[in-house]
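Enquirer: Have a look at this one before I ask anything.
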There are 2 protein chains.
Amino acid sequence: MHEQRSLTMNALTPAVSTGPLPASRKIHKSGVLHPQIRVPMREISVHPTAGEPPVIVYDPSGPYTDPTVETSIEKGLARLRHEWITARGDVEAYDGRHVRPEDNGFAVGERLTPEFPVRNRPLRARSGKAVTQLAYARAGIITPEMEFVAIRENLGREMLRGTLQRDGEAFGASIPDLVTPEFVRDEVAHGRAIIPANINHPESEPMIIGRNFLVKINANIGNSAVTSSMAEEVEKMVWAIRWGADTVMDLSTGRNIHNIRDWIVRNAPVPIGTVPLYQALEKVGGIAEDLTWEVYRDTLIEQAEQGVDYFTIHAGVRLHYIPLTVDRVTGIVSRGGSIMAKWCLHHHRESFLYEHFAEVCDICRAYDVSFSLGDGLRPGSIADANDAAQFAELETLGELTKIAWAKDCQVMIEGPGHVPMHKIKANMDKQLAVCGEAPFYTLGPLTTDIAPGYDHITSGIGAAMIGWFGTAMLCYVTPKEHLGLPDRNDVKIGVITYKIAAHAADLAKGHPAAKVRDDALSRARFEFRWEDQFNLSLDPETARSFHDQTLPKEAHKLAHFCSMCGPKFCSMRISHDIRAEAQKEGMAAMAAKYREGGDLYVPAEESGAPLMPEAHELS
Amino acid sequence: MHEQRSLTMNALTPAVSTGPLPASRKIHKSGVLHPQIRVPMREISVHPTAGEPPVIVYDPSGPYTDPTVETSIEKGLARLRHEWITARGDVEAYDGRHVRPEDNGFAVGERLTPEFPVRNRPLRARSGKAVTQLAYARAGIITPEMEFVAIRENLGREMLRGTLQRDGEAFGASIPDLVTPEFVRDEVAHGRAIIPANINHPESEPMIIGRNFLVKINANIGNSAVTSSMAEEVEKMVWAIRWGADTVMDLSTGRNIHNIRDWIVRNAPVPIGTVPLYQALEKVGGIAEDLTWEVYRDTLIEQAEQGVDYFTIHAGVRLHYIPLTVDRVTGIVSRGGSIMAKWCLHHHRESFLYEHFAEVCDICRAYDVSFSLGDGLRPGSIADANDAAQFAELETLGELTKIAWAKDCQVMIEGPGHVPMHKIKANMDKQLAVCGEAPFYTLGPLTTDIAPGYDHITSGIGAAMIGWFGTAMLCYVTPKEHLGLPDRNDVKIGVITYKIAAHAADLAKGHPAAKVRDDALSRARFEFRWEDQFNLSLDPETARSFHDQTLPKEAHKLAHFCSMCGPKFCSMRISHDIRAEAQKEGMAAMAAKYREGGDLYVPAEESGAPLMPEAHELS
């Protein structure tokens with residue numbers, strides 16, 4: 001990995017992390033229905049002595065980890081979807097809205113982030129057309145995006161067909177052995193999955209969020225009034241996807257929101273989400289009461305033209321729900337939710353988001369911006385979990401889902417929060433029932449309040465569980481939660497923690513290909529292929545450096561022990577001795593001999609025995 | 001917190017971490033049945049403006065955090081249980097076994113750890129007597145240890161009686177509103193709980209391990225042949241209990257095992273566990289095949305005389321189970337299990353631990369050493385989870401439990417390992433059925449193999465879940481798992497992670513007092529009492545330092561925001577504005593007004609509303 005400084009005349013162009021992860025190369029699989037598509041994956045090679053094929057893993061890191069591609073932050077990524085979009089013949093380019101000083105919080109001079117150097121005319125739907133993946137899916141069309149996603153979700157698992165053991169508890173989810181483009185279309189058509197892909201974000205590599213696909217994770221970035229800058233935020237985005245974030249939300253609340261977002265979206269190979277209300281609030285000088293539908297509408301269009309792929313919209317914070325939060329321990333913990341609640345109370349009026357929801361839909365359907373229906377009344381403490389305010393809002397989100405679907409808008413539903421373990425499943429069950437199986441997208445949940453500084457862990461527990469129960473995307477939490485804005489290091493820890501949660505969920509759901517990586521790593525571990533163990537892990541650098549803290553020499557990477565137990569006590573080394581001895585003796589015969597002579601106990605039937613793939617099954 | 005260097009003529013006396021945690025003081029509650037007992041707890045004070053009482057939390061850190069007590073490592077802790085033990089009139093002192101060079105791995109000169117300066121004559125049961133807490137419990141006796149534990153488990157919750165809301169899912173566990181000494185006696189008598197308290201470890205502050213009590217955690221320390229020393233290990237023990245470890249296992253496998261253990265036990269206010277097989281192996285020069293029952297028996301007595309409170313004994317690794325591991329991905333991952341398997345295969349004989357189990361019981365009952373029946377065949381990878389080898393051993397552990405109980409020995413059962421989430425509950429259910437409800441003591445389990453470097457997290461997920469399902473004690477895992485011996489920092493991270501898992505489990509089980517701390521911290525958070533939020537958390541230093549990374553000034557601790565959102569966007573600050581406005585308006589009236597005028601939606605019944613204790617209920 002090396003950091004690459006782009007050639008530029010602008011001294012402020014951010015340096016981002018590039019280069020492949022260890023033992024990894026970027027591979028691409030081509031489409032069949034759509035031969036022009038090239039779906040990226042990451043192939044991790046193991047030592048030749050292992051006699052094993054490379055392991056293919058899902059890869060959201062974009063061209064930054066492809067050494068054959070030269071990225072240039074001030075140019076942005078290649079607009080790979082542009083032709084797919086224009087070929088559909090249902091969009092038109094137009095002169096977009098012009099940037100105004102309020103879009104950047106009235107920043108001027110040195111405090112104003114430079115504009116992104118490249119400007120494209122935005123696209124929007126031709127009159128009367130619906131340009132969403134949902135509309136296409138309902139019309140029976142398999143778009144390039146849908147085939148892209150199908151190939152991506154398969155991860156080469158067609159190689160394992162026939163040797164796949166389905167072993168999991170999916171709680172009613174329907175995960176196929178093999179994902180076909182038609183399966184994708186059907187899931188999207190029914191609203192059970194979304195492909196967030198704004199027509200103005202052609203740089204994005206399509207991905208899918210849905211209960212019957214791999215569990216996804218989101219990383220939050222963005223500045224605040226107190227700290228951070230465009231350069232840091234662009235690097236955080238690249239850094240987050242390097243470690244596995246599937247989408248990134250730009251939650252900036254400081255100055256320069258518009259310009260920062262441009263730099264992010266133009267360089268993001270993953271979907272970008274926002275909360276438009278933040279920028280709307282900045283435009284009215286931070287006075288919630290001064291928000292208006294007009295300012296908000298203008299912000300939606302501004303962000304849709306930039307290419308934001310999904311909007312968090314707190315349209316479920318209705319006036320008459322607000323009293324339900326008065327006796328809560330932690331009130332309203334959602335920024336957007338608290339802002340809307342303040343507006344409603346001040347004006348004694350129903351939420352303008354709720355009242356104008358149909359018009360919001362009209363905007364989203366013209367650009368294919370997906371809804372992330374916000375959980376403004378989510379619980380921010382164990383005490384408030386599953387309370388009336390929270391579930392009242394969820395009921396409204398279900399109602400709004402139907403409205404959005406009627407207008408061909410893609411929808412996912414946001415969820416909690418802080419929820420003790422015994423109350424987690426009820427959240428999933430209720431959301432499935434009330435929201436028509438639209439994908440669920442939770443923040444954790446945190447399973448206890450008592451560990452600020454470690455809330456990636458308190459929430460990783462809840463996230464793994466709710467992912468297992470059916471949640472489609474997990475929004476990460478970093479060690480800085482409740483304490484301050486996360487830095488780059490926090491972003492990495494949050495991402496790795498949530499990759500763990502998502503993968504543990506995939507395993508528990510019985511996703512057919514999930515176990516491949518665990519097994520490959522465990523074989524490497526057992527065979528003391530230390531480098532392979534590190535390279536197959538979620539964070540090879542950290543694994544290697546932890547090992548090297550006590551055994552740093554290269555020769556140690558061949559050692560059949562580590563410093564935990566030393567050479568005499570390493571159980572894996574002893575296990576190898578045992579197997580060697582057993583083979584000499586003929587283990588089965590020995591077992592029979594001593595079963596006859598000794599105890600009459602008959603071992604229980606073997607269940608869950610590991611599947612060691614034969615070479616021919618992998619070709 | 002400050003480090004105190006003890007006055008000593010021995011330059012090697014370890015320096016350990018002492019001093020109270022922030023805003024904390026050690027309090028003691030006295031016994032009623034046994035007035036001489038003084039049960040330690042930790043009281044965390046909050047800012048006077050809060051108008052709230054201090055929060056009392058469980059405290060295993062011993063005298064090291066009591067500024068009124070001067071600790072001296074080369075003198076050891078006060079022998080607080082000595083009179084309780086001798087008063088029972090059923091033990092005798094005798095000349096113990098002498099230390100031999102092989103006990104310390106034949107270390108000499110500078111390589112030999114100095115002996116602990118104080119030597120006491122060991123105690124053992126008078127002929128025919130059983131001196132275990134189980135024997136006393138069955139005889140209807142409530143020992144000082146039992147009352148101590150009852151008071152400790154209550155944490156002052158009698159204050160909350162009448163306002164406690166039982167809210168959880170305990171899967172058949174029976175957690176009382178109030179723990180009485182009689183309840184403790186009954187649980188111990190039935191084998192559902194153990195109080196590990198060797199008569200030769202009178203320094204220990206009694207604690208209880210059982211499904212119907214607070215979930216406990218264990219931290220592993222100990223050197224290996226590759227690294228670490230007595231000074232580091234003693235400090236690790238003090239450090240681990242400072243952060244919340246309820247027991248500590250000394251898993252040393254290098255030299256000086258005997259002398260290191262003396263320093264640890266004499267200074268440990270918590271139960272100390274070991275795996276005697278490790279030292280036995282050292283005595284035969286590391287050649288597993290040279291182990292004998294005689295060497296092992298000698299080691300049991302040696303360690304029982306020193307005061308080890310529980311022994312991990314892999315008596316379930318039977319000869320005819322070993323073939324069941326041959327096709328595993330990671331073989332046998334337990335050190336003890338692999339050693340026994342090697343011995344069995346080499347000698348073509350049944351395990352000497354299994355064959356001599358009754359004699360092991362005779363030794364344990366004479367000192368009250370508890371059994372931790374080892375899971376030598378636990379799965380070390382997702383692929384091996386819940387396989388025939390693992391469950392065959394569990395059946396044998398159930399059989400051995402009955403034998404041990406018949407001899408009045410206290411027993412807990414060790415468990416996995418690596419288990420995907422959907423297979424975790426089956427482990428708990430099977431263990432309950434097969435082992436007569438003896439306490440379960442698991443290592444994690446890890447819910448995926450793919451994240452070495454983060455296995456405290458992969459396992460924290462499984463540990464929280466299995467704790468919720470009924471596991472009584474969770475053995476921690478540190479970030480160094482699979483990679484090397486943990487250092488002091490790893491120990492802390494492992495302990496905090498497992499405190500999170502145990503507490504999340506207590507909450508989910510509906511433990512009546514668990515939520516007190518979450519609520520107090522969340523109120524502090526909501527009211528911007530930053531210092532209180534830090535002080536109430538599991539790791540106040542880290543919480544404070546994370547906050548201070550972006551807002552370091554003292555004035556910032558009064559700020560109604562942090563750098564995550566800044567002053568304009570802090571949802572909690574806005575929530576306060578909302579409440580102020582609502583009070584002016586009369587929120588209930590407003591809600592009624594708009595319900596009439598607007599939507600006919602009737603909010604769902606309030607469930608789980610937080611209980612804000614009134615002042616009078618807390619006095």
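Heads up, the Cβ atoms here are built off N, Cα and C, so glycines get one too.
Note that the structure is predicted; figures quoted are calculated from it, not measured.
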Enquirer: According to Swiss-Prot, B:ASN220, B:MET249, B:TYR278, B:HIS314, B:SER334, B:ARG335, B:GLY336, B:ASP375, B:GLY376, B:LEU377, B:ARG378, B:TYR441 bind substrate; which one of B:GLU182, B:GLU187, B:GLU399, B:GLU414 is annotated to that same site?
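Expert: Answer per Swiss-Prot: B:GLU414.
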Enquirer: Looking at B:1-25, B:26-50, B:101-125, B:151-175, which one does Swiss-Prot call region 'Disordered'?
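Expert: That would be B:1-25, per the region 'Disordered' entry in Swiss-Prot.
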Enquirer: Taking each of the binding-site residues B:GLY336, B:GLY376 in turn and counting other Cβ atoms within 10 Å of its Cβ, which one has the fewest?
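Expert: Per-residue Cβ counts within 10 Å for the binding-site residues B:GLY336, B:GLY376 bottom out at B:GLY336.
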Enquirer: Find the one among the binding-site residues B:HIS418, B:HIS482, B:CYS562, B:CYS565, B:CYS570 whose C-alpha lies closest to that of B:ARG378 (substrate binding site).
Expert: B:HIS418
Enquirer: I need the nearest neighbour of B:ASN220 (substrate binding site) among the binding-site residues B:HIS418, B:HIS482, B:CYS562, B:CYS565, B:CYS570, using C-alpha distances.
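Expert: Out of the listed candidates, the nearest Cα belongs to B:HIS482.
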Enquirer: Here's one to test understanding: among the binding-site residues B:HIS418, B:HIS482, B:CYS562, B:CYS565, B:CYS570, whose C-alpha is closest in space to the C-alpha of B:TYR441 (substrate binding site)?
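Expert: Its closest listed neighbour, by Cα, is B:HIS418.
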Enquirer: Would you kindly give the Cα-Cα distance separating B:GLY376 (substrate binding site) and B:CYS565 ([4Fe-4S] cluster binding site), rounded to the nearest Å?
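Expert: Approximately 50 Å lies between the Cα of B:CYS565 ([4Fe-4S] cluster binding site) and that of B:GLY376 (substrate binding site).
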Enquirer: Using C-alpha positions only, work out which of the binding-site residues B:TYR278, B:SER334, B:GLY336, B:GLY376, B:CYS570 is nearest to B:HIS482 (Zn(2+) binding site).
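Expert: Comparing Cα positions, the candidate nearest B:HIS482 (Zn(2+) binding site) turns out to be B:SER334.
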Enquirer: Neighbour count first, Cβ atoms within 10 Å, every protein chain included; then name which of B:TYR278, B:TYR441 tops the list of binding-site residues.
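Expert: Of the binding-site residues B:TYR278, B:TYR441, the highest Cβ count within 10 Å belongs to B:TYR441.
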Enquirer: If one looks at the chain holding B:HIS418 (Zn(2+) binding site), which residues at least 6 apart in sequence have a CB under 8 angstroms from its CB?
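Expert: B:HIS418 (Zn(2+) binding site) has long-range Cβ partners B:THR330, B:PRO379, B:GLY380, B:SER381, B:ILE382, B:ASP384, B:ALA385, B:GLY444, B:PRO445, B:LEU446, B:ASP449.
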Enquirer: Using B:CYS562 ([4Fe-4S] cluster binding site) as the reference point, find which of the binding-site residues B:SER334, B:GLY336, B:GLY376 has the shortest Cα-to-Cα distance to it.
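Expert: Of all the candidates listed, B:SER334 is nearest in space.
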Enquirer: In whole Å, how far does the CA atom of B:CYS570 ([4Fe-4S] cluster binding site) lie from that of B:GLY376 (substrate binding site)?
Expert: 52
Enquirer: Under a three-state reduction of DSSP output, how is B:ARG378 (substrate binding site) classified: helix, strand, or coil?
Expert: coil
Enquirer: For the binding-site residues listed here, B:ARG378, B:HIS482, which shows the highest count of neighbouring CB atoms within 10 A?
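Expert: Compared across B:ARG378, B:HIS482, the most Cβ atoms within 10 Å surround B:ARG378.
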